[in-house]
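J.: Below are the features I grabbed from Swiss-Prot:
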SIGNAL    1-21  signal peptide
CARBOHYD  Asn40  N-linked glycosylation site
CARBOHYD  Asn242  N-linked glycosylation site
CARBOHYD  Asn342  N-linked glycosylation site
ACT_SITE  Glu474  active site, proton donor
CARBOHYD  Asn532  N-linked glycosylation site
CARBOHYD  Asn603  N-linked glycosylation site
CARBOHYD  Asn626  N-linked glycosylation site
CARBOHYD  Asn653  N-linked glycosylation site
CARBOHYD  Asn733  N-linked glycosylation site
CARBOHYD  Asn785  N-linked glycosylation site
CARBOHYD  Asn793  N-linked glycosylation site
CARBOHYD  Asn819  N-linked glycosylation site
CARBOHYD  Asn905  N-linked glycosylation site
Amino acid sequence: MHVKAETVLALLTPAPPSVVGQHVVDLSGDGWTLSSTALNRTVPGHLPSQVHLDLFEAGVIDIMASMILTFVGLRMPIGRIPATRLKAYFESTWLVFDGLDTFATITFCDQHVGSTDNQFRQHHFDVSQILKECKQDPVLRINFGSAPNIANTIAKSPDAEEWPPGVQITNEYPNRWYIRKEQSDFGWDWGPAFAPVGPWKPSYIVQNSHAELYVLNTDIDIYRQGQINYLPPDQSQPWIVNASIDFLGPVPCKPSMSIEIKDAATGSVLSSGLLQNVTVSGKSITGTTTIDGDAPKLWWPSGMGKQNLYNVTITVQNDMKKSLAKVTKRTGFRTIFLNQRNITDDQLAQGIAPGANWHFEINGYEFYAKGSNIIPPDAFWPRVTQARMARLFDAVTAGNQNMLRVWASGAYLHDFIYDLADEKGILLWSEFQFSDALYPVNDAFLENVAAEVVYNVRRVNHHPSLALWAGGNEIESLMLPMARRADPTGYSKYIGEYEKLYISLILPLVYENTRSITYSPSSTTEGYLYVNLSAPVPMAERYSNTTPGSYYGDTDYYNYDTSVSFDYNHYPVGRFANEFGFHSMPSLQTWQQAVDPEDLQFNSSVVVLRNHHYTAGGLFTDNFKNSSKGMGEMTMGVEAYYPIPSKSDSVANFSAWCHATQLFQADLYKSQIQFYRRGSGMPERQLGSLYWQLEDIWQAPTWAGIEYDGRWKVLHYVARDIYQPIIVSPFWNYTTGRLEVYVTSDLWEPAQGTVNLTWVDLSGKSIANNAGTPETVSFTVGALNTTNIYTTNISELSLPDLKDSILILSLSGEGRLPNASSKKAFVHQNHFTPVFPKDLSLKDPKLEVSYSPESRKFTVQATGGVSLYTWLDYPAGAVGYFEANAFVLLPGVPKEVSFVAQEGNVTDDWLQRVTVQSLWDQKVRD
């Protein structure tokens, strides 16, 4: 079952032989056709695109009907071609494909050109001779095969590798691990299984004269002299700029390379001249230069300084000084290092527990990584635009995040996404596309992976936002233990295969193409014992070779037992938290984008089936059993801690339940983030919190903090608040009654200030004698540290009614942001209640909201009582965020809040439809 498309490429009249140069035809745009023998349909096509998108635009399928889309992914390959013009007088003609998803067969002038089997590689084919022999107007055809069908065929082959039953994780389509395609296309617990195919990235026809070079890829590596990937760089050393280009065309005779480095903001020249040590290896030309260590302005992550960027132009010349190729890339000067070295004696003397470090250092400075995990922002990458990603990354920096982990088994991010991260100061922990499976290690598979690794490492290496390369997701922490339990006697085999792929193959390829980036074989590890680059397995992982009382590596934590959600004794103690979370429902407005009105019920079949936690484990369209488990977990979380919605209007009740699941999710993440950040001053010296997950791929219950269209859930607001540089946090052991209050800072210098501790009842009246609690406590908190400012036991406080009490914690301090010239004021507010929200004697806060055109701000005030989880909500028609939300509001203390519009039309009518509610409204019947 194939789809064919074709368009004529008309040849021009040949030009004189003296014509030289280069002709590049961008095949992007309309003019393609998509045809299917399976559906007996031919429709207009586009490039870049994928089959589902063109069929949807032609009205053949409903893109919201996930079961139909799954069928399309299984049954429909695709072919395309745009109309354009070629020139007959060039000596060489190449087809260049930046991304074909995944199994494609290419023909040109009815001649077979080649085939592809890797979504993540760039492919190029020489069609010079085919074009010269073409007797008619040339036609380009690309036929795509069904990835699930081909994966199944590979799995059935006699020489296919096999693993113990129950080890490989199938979400919907099976056998994803046999092929090099986006693994989440086969289904995941936060997204659909559409398995799209098509030319998902741009494609070109390149025609060269006898001398010209076409640049396929560019690797610019900037590092300190003597820097080695797994060791801390010496910040006193000069900078080395290593420039390497991969090209099409004849190998030039005695080539030279020149460089010009300009400040991207001012245009001033930092350095120019010839590169040294120019070498040619295969189809790559490489040269280096040295820059004085203090000459460039450094690039810093968000919150730590400016994002200084430079444009680097590389020119290749032949021995006659004729320019053969020129390429410009924007980059920055910084060092980023993942420190996994053993704890030193000096660190032990500071009170840091023994073991090994696991934290990042930027330009020689330890910092606290605050952020989340980013998944594919759409099931179809051609729909992911620069404007859309700019809005998402604006939300990241507005949320006080400085790092995103680019989760493995989506896709390697486009260059424009790294460009945005460079501009906004967002570090991108990047991973190779392997996740939650064991993978083959046969020669053909490894050869395919090697090309994928080299291409992508070189492609993105110039971006200062690139923070790390990790081998894959949860391979060492989840998959190897699963294999050990399933087949204890064969465990050494699986360890050997893991090391063959992620250490013996990928690690040297990374190190050969960059000296500026650290590599970790897996997202979650205990770190390494030693590195010996001359050994067959160059990195010896620690695995379970740990010592009690010592800490190693990063942590990955999910616990769906809601009875212990807020018991921080259950949270993992480690050096870095790279995954943790709990799912919640999206808002009513988001559900309305994808679900018919009659299905807007918490347990409607449509809503339940869009919940893929837990996944079907196969191609089952009625996964009620597993989906209901995930729905039940959200329900139990709400019922255990929050007022249970019971509204007479079914849609209002559905909306209230959606909001309640978000409250639980946000409070759980807040509890964990506070705990992990406090660890910066504890023996574990914990220096990172990346929660799961940043954003949604569609409208469904997931772990996301930002919904599919960009609307913030409660989580993103709460994370924004608790990711501020200096915070005050309560820690309550509800079993013993012990209450501790900590101030935590991620500044690089000590900070000072005061915390006001104020007990009031839920009508807003002060509790007598402040319940025996000091009203003000002064603090000094060290750099990247935490300090306990108050400890008590609830039983020792003079609280007339625990259910009618709330402690307001208000911090006011002063400190200096990293690389800032002067100190600034910091404020933070938190709260604590000695019972869970469902047990509080809530009062109607009688909330009011108004908008002032003059100040362009909303004013929210409570006149009847304390408003908990004060929630401003906006109608459809625009996307943006409030500068504060989900806050505590005391009666008589109005709060002004701005709205930042990111997309859409904010009209007067729209402004008047902004609403406000609180926890009180969750329990009130309308």
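Using the three backbone atoms N, Cα and C, a Cβ is placed for every residue, glycine included.
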J.: If I take the alpha carbons of Asn653 (N-linked glycosylation site) and Asn342 (N-linked glycosylation site), what is the distance between them in whole Å?
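T.: The separation of the Cα atoms works out to 54 Å.
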J.: Which entry in the list of glycosylation sites, Asn532, Asn603, Asn626, Asn785, has its Cβ near the fewest other Cβ atoms, using 10 Å as the limit?
T.: Asn532
J.: Asn342, Asn653, Asn733, Asn793: which of these glycosylation sites has the sparsest Cβ neighbourhood within 10 Å?
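T.: Each of the glycosylation sites Asn342, Asn653, Asn733, Asn793 was scored by Cβ atoms within 10 Å; lowest is Asn793.
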J.: Among the glycosylation sites Asn40, Asn242, Asn819, Asn905, which residue has the largest number of other Cβ atoms within 10 Å of its own Cβ?
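T.: Comparing the glycosylation sites Asn40, Asn242, Asn819, Asn905, the most crowded Cβ belongs to Asn242.
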J.: Going by Cα-Cα distance, pick out whichever of the recorded positions Asn342, Glu474, Asn793, Asn819, Asn905 is nearest to Asn532 (N-linked glycosylation site).
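T.: In terms of Cα distance, Asn532 (N-linked glycosylation site) lies closest to Asn342.
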J.: Quick one: what's DSSP say for Asn905 (N-linked glycosylation site), helix, strand or coil?
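T.: Note: Asn905 (N-linked glycosylation site) is coil by DSSP, not helix or strand.
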J.: How many other Cβ atoms sit within 10 Å of the Cβ of the residue listed as 'active site, proton donor'?
T.: 24
J.: Let me know the DSSP-derived helix, strand or coil state of Asn733 (N-linked glycosylation site), please.
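T.: In the DSSP reduction, Asn733 (N-linked glycosylation site) maps to coil.
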J.: Round to a whole number and give the Cα-to-Cα distance in Å for the pair Asn626 (N-linked glycosylation site) and Asn603 (N-linked glycosylation site).
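T.: Asn603 (N-linked glycosylation site) has its Cα 13 Å from the Cα of Asn626 (N-linked glycosylation site).
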J.: List only the single closest residue to Asn342 (N-linked glycosylation site), chosen from the recorded positions Asn40, Asn242, Glu474, Asn603, Asn793 by CA-CA distance.
T.: Glu474
J.: Fill in the CA-CA distance, Asn242 (N-linked glycosylation site) to Asn819 (N-linked glycosylation site), as an integer in Å.
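T.: The separation of the Cα atoms works out to 28 Å.
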J.: Asn905 (N-linked glycosylation site): which of the recorded positions Glu474, Asn603, Asn733 is the nearest Cα neighbour?
T.: Asn603
J.: Taking only C-alpha atoms and a 10 A limit, tell me which of Asn40, Glu474, Asn603, Asn785, Asn793, Asn819 are near Asn733 (N-linked glycosylation site). These are the recorded positions.
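T.: Close recorded positions: Asn793.
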J.: If I take the alpha carbons of Glu474 (active site, proton donor) and Asn603 (N-linked glycosylation site), what is the distance between them in whole Å?
T.: 32
J.: Looking only at C-alpha atoms, tell me how far Asn785 (N-linked glycosylation site) is from Asn40 (N-linked glycosylation site), rounded to the nearest Å.
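T.: Spelling it out, the Cα of Asn785 (N-linked glycosylation site) and the Cα of Asn40 (N-linked glycosylation site) are 66 Å apart.
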